[in-house]
Every structure is written in C-alpha cells, then in structure tokens.
Amino acid sequence: MTARKSILTAVDLSIGYRLSKGQTYKIAGHLQLNLWQGELVCLLGPNGAGKSTLMRTLAGLHPALEGYISITNLPLSDLKPQDLARKLSMVLTERVEAGNLTVYELVALGRYPYTSWLGTLTAKDVTKVYEAMDVIGITAYQHRSIQYLSDGERQKVMLARALAQDTDMIMLDEPTAHLDLPSRVEMMQLLHQLAKKTQKAILLSTHELDLALQAADKVWLLLPDGNLQVGTPEDLVLKGAFESAFARNGLHFDQATGGFVLHRDNQGPVIGLSGHKDLVFWTRRALQREGFRIETDQTNAYRIEALFTNNQPDWTLYQNGISVQYNSMAELLAALQLWKNN
Amino acid sequence: MIHQNTEAGRTISKSHSSFRKIVVSSLIFLIIAGFLLDIMLGSVSIPFREVVRILFEQTSEQTAWLYIVQKIRIPKAITAVLVGCGLSVSGLQMQTLFRNPLAGPSELGITAGAALGVAVVMLSNGHITSMPAIRQLGISGSWLIVVAASMGSALVLFLVVLIAGRIRDNVVLLIVGVMIGTITLSVISIWQYFSQPEQLQEYILWTFGSLGGVTDYHLYVLAGTVIMGLVLAFASSKALNVLLLGENYARSMGLTVGWARAIILASTSLLTGSITAFCGPIGFIGIAVPQLTRSLFNTSNHRVLIPCTCLIGTLLMLACDIIAHMPGSQTVLPINIVTSLLGAPVVIWIIVTRSNLRASFV
C-alpha cells in the first residue's frame with residue numbers, strides 16, 4: 001500500500017475580512033488543516049460560524065488574512081485560475097437556471113479548463129464527460145433539458161460537472177440544502193462512494209448533522225468562537241464537541257443517538273417507563289413531547305409498561321396499584337393528559 | 001455500457017445536427033432571396049433579370065438603374081446585413097452576461113448612450129447629430145463618430161454592469177437600464193431644447209432610423225467596426241458558455257471573469273455604438289432575434305448561437321427593409337417603426353410565456 005497523497009494543506013491559516021484602514025475582522029485563526037486523497041470531510045458548524053468564508057478562502061475565491069495554503073503541494077497563491085481549475089472543482093449553492101442546456105452540455109462545460117480557445121471537445125474530453133455521467137448515474141437522461149430536472153437530479157448533474165473537471169479535490173457548499181430526505185441520503189452515499197472509488201478528496205459543508213456523522217471520514221467542526229475541532233465523527237461526539245458547538249436554549253445534542261433532542265428541560269410530572277426496547281424508545285419520545293419527565297425507576301407510583309402481546313403493542317398504565325390497558329399511543333396519551341390536568 | 005451510451009448519444013446528436021443543417025441551409029437560401037428582393041424592390045422597380053445583370057456584368061439597359069443598384073441599394077442591403085448581425089449578437093451577449101431574457105441594446109439604454117456619444121461630438125462642433133451632418137465629415141470624422149458612439153454605449157454598459165453587481169433581480173436591472181436610458185435621453189433633450197427647429201427635425205428623423213445613406217467609406221468604417229465586434233464576440237463564445245452557469249461557477253472553472261467581461265463589453269459597445277451612429281437607434285432586433293434563435297435551434301451553446309443569430313438577424317433586417325419600402329408605393333417607412341412593429345409582439349410573447357421571468361434565465 002502506497003502512502004496517501006496530501007491534497008490540501010493549510011498552515012496557520014487565519015480567515016476573515018479586511019476592513020478599511022488596515023483593520024481586520026478575524027473569524028478564525030491558526031487553523032491547521034489537512035485533506036488527504038480518498039477522504040470525505042464534512043465541515044460542520046452553526047450558522048454564522050464562518051463555514052462559507054473558510055470554504056471560499058480554501059478555494060482561493062477570498063483572500064486569507066494570514067497563513068499558507070497549498071494544493072497538491074503547490075502554493076495556492078502561485079496557481080493561475082486555469083491551473084487551479086484543474087486541481088479543484090466546486091459545487092455551489094446557487095441554482096443554475098440556464099434554459100435550453102442539456103444535461104450532457106452542462107457536464108461538458110466541466111471540461112472548460114482543458115479545451116482550446118473555441119471550447120471544442122476532443123475525443124478524450126467526450127470520454128471524460130461520459131465517465132463522469134456514468135459514475136453519477138445520470139447518463140440515462142443526458143439529453144434532457146436541465147429545466148425539467150428535479151432538484152435532486154439537478155444536484156447530481158452539477159456533481160457530474162465537477163467530476164468531469166477531473167480535479168484532485170471537489171468542494172461542495174451545502175450540496176443537500178434544497179433536497180428532500182431520500183435525495184439527501186442518496187447524495188451523501190454517492191459522495192462517500194465517490195471518495196473511495198475515485199480517490200478524490202471531497203470537502204463539503206452541511207447542516208445535515210446525522211448524515212454527516214455517518215458518511216464523513218473526518219469532521220471539521222467550526223465553533224462560533226473561531227475554534228476548529230478536527231477528528232473522526234465518533235471521537236468528536238464522545239469528546240462532547242457537538243454539545244458545546246450547538247449549545248443553545250432548548251437544544252440538546254444526544255450522544256446516545258447522534259441527533260438533537262427537542263424536549264430536554266421538561267418540568268412536568270415524573271413517570272416510570274419500562275418494557276420492550278423499541279416500544280420504550282417511541283413511548284419516551286411521545287411522553288417527552290407531552291412534557292413528562294421519564295424515569296426508568298420501577299417503583300414510581302405512576303408507571304407504564306410497554307410490551308408486545310401477539311405482535312401487537314400494548315401499554316399498561318399503573319396508577320397507585322390500579323392498572324389499565326391501552327392499545328394505541330393516542331389512547332394512552334389521552335388518559336395521561338386527563339391525569340396531568342387534574 | 002459506456003460504449004452503448006456513447007453510441008446512443010451520438011445518434012441522437014447526429015439527427016439533431018442534420019435538423020440544424022436543414023434550418024441553416026434554408027436560412028441561407030432565404031437570405032440570398034431576401035438580398036436580391038431588397039435590391040429589386042423600391043420606389044423604382046427594377047426587373048430581376050436586370051438586377052442579376054448589374055450584379056454579375058455591371059452593365060444595364062438604363063444607366064439610372066445601374067446607379068440606383070450600385071450606389072444606393074447594394075450599400076443599403078449590406079448595411080441591413082451588418083445591422084442585423086451586429087444588433088442581434090450584441091443582444092445575445094447582453095442576455096447571457098446579465099442572465100436576463102429581456103436584455104438588449106435598446107432596452108438597457110446602450111443605444112441611448114451611443115446617441116449621447118454622437119451628440120457630444122456634434123455639440124463640440126456646434127452642429128446637430130444627424131445623418132447629413134455625419135455624411136459631411138470625412139473618413140477621420142466618421143471614425144471619430146464611431147469611437148464617440150462606442151464610448152457612449154460603453155459608459156452606459158459599464159454603469160449597468162456596476163449596478164448589476166449589486167442587484168441580482170432581473171426585472172429590477174431592466175428598470176434600472178430603462179432609467180439610465182431615460183437620463184441619457186433627457187441630457188440629449190436639454191440640448192435639443194436649445195436647438196434650432198430645423199436641426200430638431202433632423203435629429204427626430206435620425207431617431208426614426210435609416211439604413212440608407214451609409215455609402216462609400218462610411219460603409220467601410222461600419223463594416224470594419226461590425227466585423228471587429230463580431231470577431232470579438234465569437235472569440236468570447238467559450239467564456240459566454242461558462243457564464244451561463246453564473247459568475248461564481250465560471251470563476252471556479254478558471255475563467256478570469258473581469259477579462260471576459262471586458263471583451264464582451266468591448267464587443268457590444270463597438271457593435272451597438274457604430275450601428276447607432278450611422279443608422280440611428282434601431283430597436284427590438286437585439287432582444288427578439290436571440291430569443292427566436294434559441295427557440296428555433298433549441299440550444300444555449302454560443303458557438304452555434306452566434307452564427308445563427310447572425311443569420312436570423314440578417315434575414316429579419318432584410319425583411320424589415322423590404323416592408324419599410326412598401327413595394328409598389330412611393331412611400332418609405334422609417335426602419336425603426338417596422339422593427340418595433342415586428343419586435344414588440346415578440347417581447348410581449350416572452351413576458352407572457354415566461355411567467356417565472358424573475359427567477360429564470362431562458
């Protein structure tokens with residue numbers, strides 16, 4: 001096994017904006033970043049933490065305040081736009097509205113850095129375009145005009161275009177932002193496979209926390225104070241990095257599930273809960289929504305036992321020794337509400 | 001699998017290109033027919049056989065016919081071709097650059113800028129902007145007019161680009177363009193207000209537009225400038241293609257956006273400026289022809305679009321000129337009226353069919 005190639009390196013990088021009179025507004029400083037080939041990295045962070053600025057700085061679209069960036073061991077500042085375009089391709093958030101452009105034509109635009117001044121495609125260019133469309137799985141609708149594509153299909157076309165640009169690294173700014181849930185999952189799967197199959201380095205910014213934690217080889221977590229945490233998703237979760245990043249009122253990151261919990265600070269009555277683990281999971285969610293505090297303590301005066309009887313879920317509510325049985329969550333919740341209101 | 005797909009792709013694009021070949025060859029045929037018809041028809045009717053004889057043998061039964069065809073009608077038809085190509089291509093470039101289907105030289109106030117440029121030269125001479133006045137200038141004078149008109153249109157274009165950088169909304173940009181055009185025209189109006197009535201009449205005639213009167217070296221100057229503008233436009237076709245995806249994508253693919261924009265603006269200013277200086281502000285060709293070409297050829301590829309807009313623009317301009325001469329009568333309508341009558345319905349059609357104009361660029 002050969003050693004992995006470093007695609008992007010940033011040393012002591014400071015990002016931010018230059019204001020007038022030599023003043024600067026620094027978003028984050030002293031960043032040490034590394035991106036290796038075949039690696040999928042997700043850039044996460046709350047809104048306004050500076051994810052976009054970081055992406056734009058790494059792509060050479062925004063000047064860095066201090067520090068050094070290199071792409072495939074060449075300093076970013078020395079690369080001409082045409083040369084940089086052969087090393088780094090991008091998928092942006094803006095929606096492309098170019099009527100009368102077919103999927104094939106749009107993907108073929110990715111060959112721009114390689115074609116002559118007239119933009120004529122050589123046989124090699126055509127092969128690259130078809131390779132890109134095959135990998136993404138959009139060849140079947142290559143002749144469709146892009147204005148008739150769904151958002152998910154459109155995003156895949158933009159990804160294929162970046163792939164046809166034949167670069168060592170692809171950067172995607174919130175590639176899942178406008179997609180429905182199945183398309184989001186598909187896009188993340190695609191990116192994960194793409195990194196492994198093509199050995200490209202892929203950096204994407206996203207708000208899709210649970211998907212990112214599953215798909216990413218590494219997470220860059222940018223905190224509002226300008227601190228950047230780097231690590232495998234699991235290490236960061238267990239270190240509690242996400243809890244501090246997203247610390248806001250009423251929002252709680254659950255280490256057990258890797259997602260956010262909505263109802264943490266409940267003040268309602270205490271109730272006991274036990275039974276089959278699947279039923280307990282869903283019952284807990286329903287009860288938390290209703291404002292109850294859950295205890296696994298079996299000795300509580302009020303407790304619920306949730307079990308499967310003949311493969312049908314049923315709930316038994318024990319109140320001071322009296323037990324009543326319910327066959328649906330709705331019935332159980334109705335009964336509990338009566339009790340809570342009295 | 002890959003090969004199959006490639007094969008399928010090639011067959012489809014082959015049938016596509018054969019359709020294009022048919023359209024292009026029929027357009028070329030129609031243009032030749034239109035060119036001959038434009039030379040034949042007019043206030044004096046000259047038989048077809050005589051026209052062909054004059055064209056190929058340079059002789060005729062009547063010397064008056066020879067003079068009319070060689071000195072008036074052929075220059076006028078060539079001017080129609082130059083105007084058709086130039087205005088359509090500058091409209092196409094603007095629609096792509098501003099990603100706005102309603103952009104065009106007259107809509108964004110570019111022709112008004114050219115008029116201002118002409119006016120400035122004329123004002124410093126103490127004369128009025130009019131074809132007779134321009135015609136009285138020598139060859140250096142006509143170059144001066146072209147430079148001034150191109151600078152005037154470049155100035156307005158530059159302003160519109162500056163504002164377009166801040167405002168992303170298509171319709172708002174259009175309104176801004178119309179307003180800049182209005183300001184420019186009102187500057188001209190102030191100067192008109194202090195002019196003599198006979199000079200005013202000449203100016204108003206100029207605004208009606210005219211393809212006639214561009215003869216001798218004026219025609220060479222106009223042809224040279226328009227060809228230069230068209231070459232620049234064709235050279236920027238690769239840049240225009242990536243600009244379809246927006247400036248950020250274009251930049252990420254290695255395009256130096258500022259440089260590309262400068263070439264496109266130079267080309268548009270040269271085309272609009274020179275044509276407006278010699279023929280007056282001719283409306284609607286710049287906006288309507290690119291739309292017609294896109295829907296006819298069903299493509300956004302500028303390597304196809306630029307030559308094809310030239311063909312359609314030429315054909316439309318020749319047709320407008322034939323209509324303007326109202327065959328069989330002695331009356332000649334101003335060319336601007338004819339292009340507006342044909343062009344305005346196209347613009348209304350665009351607005352009505354593209355109800356999502358605000359969000360999309362077609």
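Cβ coordinates come from backbone N, Cα and C, glycine included.
Counting residues 6+ beyond its ends, the transmembrane segment (B:22-46) has Cβ neighbours under 8 Å at 52, 55, 64-65, 68-69, 73-74, 76-77, 80-81, 296-297, 308, 311-312, 314-315, 318-319, 321-322, 325, 327-330, 332 in the same chain. Summarising the annotation, TrEMBL assigns transmembrane segment to B:22-46 (among others).
The feature transmembrane segment is assigned by TrEMBL to B:74-92 (among others).
Per TrEMBL, transmembrane segment is recorded for B:104-123 (among others).
Feature annotation from TrEMBL assigns transmembrane segment to B:143-164 (among others).
Feature annotation from TrEMBL assigns transmembrane segment to B:171-194 (among others).
Beyond its flanks by at least six residues, the transmembrane segment (B:217-237) meets 75, 78-79, 82, 85-86, 89-90, 92-93, 134-135, 139, 142-143, 146, 150, 260, 263-264, 266-268, 270-271, 273-275, 278, 302-303, 305-307, 310 of its own chain at Cβ-Cβ distances under 8 Å. Look at TrEMBL and you will find B:217-237 (among others) tagged as transmembrane segment.
Among the features that TrEMBL reports, transmembrane segment is placed at B:258-284 (among others).
Feature annotation from TrEMBL assigns transmembrane segment to B:304-324 (among others).
Annotated transmembrane segment per TrEMBL: B:331-352 (among others), in sequence order.
Scored on C-beta pairs under 8 angstroms, the neighbour of the transmembrane segment (B:143-164) with the top count among B:74-92, B:104-123, B:258-284, B:304-324, B:331-352 is B:104-123. Contacts between the transmembrane segment (B:331-352) and the transmembrane segment (B:258-284): present, as 3 or more C-beta pairs lie under 8 angstroms, all at sequence separation of six or more. Outside the transmembrane segment (B:258-284) by six or more residues, the chain places 79, 82-83, 86-87, 89-90, 93-94, 97, 104-106, 110-112, 114-115, 117-118, 131, 134, 145-146, 148-154, 157-158, 161, 206-211, 214, 218, 221-222, 225-226, 228-230, 232-233, 235-236, 239-240, 243, 250, 335-336, 339-340, 342-344, 346-347 with a CB less than 8 A from a CB of the stretch.
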